[in-house]
Structure formats: C-alpha cells, structure tokens
Amino acid sequence: MNGTEGPNFYVPFSNKTGVVRSPFEYPQYYLAEPWQFSMLAAYMFLLIVLGFPINFLTLYVTVQHKKLRTPLNYILLNLAVADLFMVFGGFTTTLYTSLHGYFVFGPTGCNVEGFFATLGGEIALWSLVVLAIERYVVVCKPMSNFRFGENHAIMGVAFTWVMALACAAPPLAGWSRYIPEGMQCSCGIDYYTLKPEVNNESFVIYMFVVHFTIPMIVIFFCYGQLVFTVKEAAAQQQESATTQKAEKEVTRMVIIMVIAFLICWVPYASVAFYIFTHQGSNFGPIFMTLPAFFAKSASIYNPVIYIMMNKQFRNCMLTTICCGKNPFAEEEGATTVSKTETSQVAPA
C-alpha cells in the first residue's frame, strides 16, 4: 500500500519512514509545504467572502420583491440555501483547519464538515435535475398543457433535500464514513479504502450510480429533447417571437448552470472514481486536493449565472443595493424567469 490507513483516516503517504501522523492530532507538513496550506486557507477565505454575500443577497432580494417569488425561482433559491450551508458548515471549518495544517476538530468535526459539503453538492445536483425536468415538461409538453405551479416547486425542493440526505446521511449512521482527504484539511466520503466494517464499497457504488450517474442521464435526456423541441418550434414559427425568446433565454441559463456544475464536480468525481477503482495506487495529496477544493467554488457560480442572465432579478438586486433606486433601470421585457411557468412553446 502506498498510503497509511488509520482507524478513522487514510493518509496518501507511505509510513515507511515513520513520519505519518494522525491528521486529527498533528500538522501534515510532510504532505505539502506550509505555504501550500496557507494558499488553501486564502482560497477558502475568498470563497467565504464571495459566497456568503452573493447567496444571502439572492435570498434577501427575493424576499423583498414579490414579483420574484415564482415557482421556478423556488428551485433557484434552494441552490442559494444549499450554498450557504456549504459556506457555514464547510468553508469556515476548512479555512481554520488549513491555517493549522491538519483537521483540528477531530473525527466529529470531520463528520460535520463532510456532511455539509456532500449535502450542498447533492442539493445542487438534484436541483439541476428538477430544473431540467421542469424545462422538459414546460417546453416539450409531454403532458399536454402542464403548468409548473407552486405546489410542484415545493415538491421539487423537498425532493432535492430527500435525495441529498439519502447520500449525505448514511456515513453518519455507519454506512461508509467521512475522512480527511487530500492534504487532510477537509473531509469527504471515503473513496480510498474498501473498509468492510462499514460496507464502504457498496456505499461508494450506490453513490456513483444513484447520486451521480442517474442524475446526469436525466439531465442530458431532458436537454437533448428540449433542444430538438425548441429548434422545431423556431423553424415552424408556431409561437410568438417573444415567447420563444423568453423560453430560450431561461433554458440557456439553466444549461449554463449544468455546464458549470459539470466543470466543477466532474474532475472531483473522476478522481474519486479513479482512486476507488485503483485501491493502493500511488498518488500524492495534491491529486485529490485540487479537484476537491475546485468543486467548492460551486457555491459562487449559480447565483452569479442567475444574476447575469436574468434581467428582472438583476434589476431587483440593483434596486435593493442602491436603496430603492436602480441607476441602470431598463424597461422589463418579457424575458423574465417569472413568466416561464406559463410557457407556450409547442412540442415537436
């Protein structure tokens, strides 16, 4: 084995020289230079400074402006709530541990940090699944003139939390476990060992199939169907240009969210899958640290995409920031998310 396994950790460093110590008790400076740990801390500080204000503002602006409280926006707000969970439950913890060079909060703190990081990532993934299904049902109309209403949105939000908890909670109950990963300053699912005592192998397979592969298949199917439908409707000019433009812009926004999610999380999932399927292989701590910390940036991009691509929300946010007066105010057109639940784009 090219790593060192302990009762509740796995350090990607051979202990032939006797230098490996528990990541819960000693600095891990044999894995990387102190300045590299400082860089991780600085990165986490940046995510906190950017992630908290932008996600909190997303929630606050929606509460302040009644016209933003639409069914589709419930799902988007769900992403902001999940991101705030990651900021408070994960990023602040990792910032502190990176400054110390090891996971100072012990196994219990590792469970908390790993749980919030996994929960936030899974809520984001399943929210994108719900958004993809909503776009498919509204635009492609497989169920005739289905209207995506408030009750559907609430059920969608509840569904994302149930599925996210079905992934994040089992390691706390003894099916798999959370352990420090990479440079041992943040925690995640144990992809490094089979650990038969906690049936780790079966959980990792379950997680990759149910909580990654299936959601990706659903998302790609929905958007594949949606692209064909929008092209057909545009070619046949079956609906007004205004309606088609509104649907296209909302769909474009959600697709960009999916692409951003893939950019952030696929490297982490790929590395985790490689480590799991190549037990005992030789890899350094940076190999898992970089994709893990890159995935954490997901807490920033969703609200940024939403603000940049939604004129109505952007105007409301500027109005809130500027104390009731928007210096860049424009006449609000029909291209707003608040209108999309009444889509009239015809199916192919």
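Glycine is treated like the rest: Cβ placed from N, Cα and C.
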Practice task
Identify whether L31 and T277 belong to the same side of the membrane as annotated by Swiss-Prot.
Solution key: yes
Practice task
From the candidates C110, C316, C322, C323, select the one that Swiss-Prot records as forming a disulfide bond with C187.
Solution key: C110
Exercise for the section: Report yes or no: does the transmembrane segment (74-96) come within contact of the transmembrane segment (253-274), defined as 3 or more CB pairs under 8 Å with a sequence separation of 6 or more? Expected result: no
Practice task
Please work out which residue of C110, C187, E201, Q279 has the most C-beta neighbours within 10 angstroms of its C-beta, and give that one of the recorded positions.
Solution key: C187
Problem - Most Cβ pairs under 8 Å with the transmembrane segment (203-224), selected from 37-61, 111-133, 253-274, 287-308 - result: 111-133
Completion exercise
Per the Cβ under 8 Å criterion, with at least 6 residues separating them from its ends, the transmembrane segment (287-308) contacts 12, 40, 43-44, 47, 50-51, 54-55, 57-58, 76, 79-80, 83, 86-87, 90-91, 94, 117, 120-121, 124, 181-183, 186, 188, 253, 256-257, 260-261, 264-265, 267-268, 270-272, 275, 314, 317
Completion exercise
Simplified DSSP label at C187 (disulfide bond) comes out strand
Fill in the blank from the handout: Residues in the topological domain 'Extracellular' (275-286) per DSSP class, helix first, strand next, coil last, are 5 helix, 0 strand, 7 coil
